[in-house]
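Database features (Swiss-Prot):
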type: BINDING; residues: 58, 59, 60, 61, 62, 63, 64, 65; note: ATP binding site
type: DOMAIN; residues: 26-227; note: domain 'ABC transporter'
């Protein structure tokens, strides 16, 4: 089957600082984070541009999830700096939050809503157009057509994970931050996720993925567990 030609992502270059065209879109220098007096990670440097994929490896407790939360702007680092399009950003910065999609361990799926209702609700929160065609395409990308109207509480963990990942296909955000995205997925769903990730990168998107499963073509950042 020939490779698909995904539509390019929306152009956000107008929010650049002067001269940012020559800089990474996302850059971090010396990031550190502690919890309850314990250093979770420190000295993290990274830089991403269009089409870049970074996999974050490490044992359980090494700080992979905490790093994603810092990079997402959900929590502030204790040291270091984070830059988005050449501008320093802090936790909660709208320019970063509006450009990223985050899927964590918790799927964020309302168990009382169906997959289609969950996608419509997530789209409203994100300010994304949720036309019937867009929602149908996102659900189809993850093979959810037959269960799209079933309450999420009646679905398996794997199907709920598919519904969470379908939001990526709908939102078309520039930066994906994903925490163990293939957890609970069968081989078919994992292949569908990989196809969406490949499309995202070919369209100029970026992704940082905390994972135990190696990703083809990814650069690697390895975190060490701290006692």
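We number each residue from 1, going along the chain as drawn.
Each Cβ is built from the backbone N, Cα and C atoms, and glycine gets one as well.
Neighbour density around each Cβ, counted as other Cβ atoms within 10 Å, peaks among the binding-site residues 61, 63 at 63. Taking Cβ-Cβ distances under 8 Å and a sequence separation of 6 or more, the neighbours of residue 64 (ATP binding site) in its chain are 56, 57, 58, 179, 210, 223. Other Cβ atoms within 10 Å of the Cβ of residue 60 (ATP binding site) number 8 in total over all chains. In sequence order, 104, 105, 179, 210 are the residues near residue 65 (ATP binding site), counting only same-chain partners six or more apart with C-beta under 8 A.
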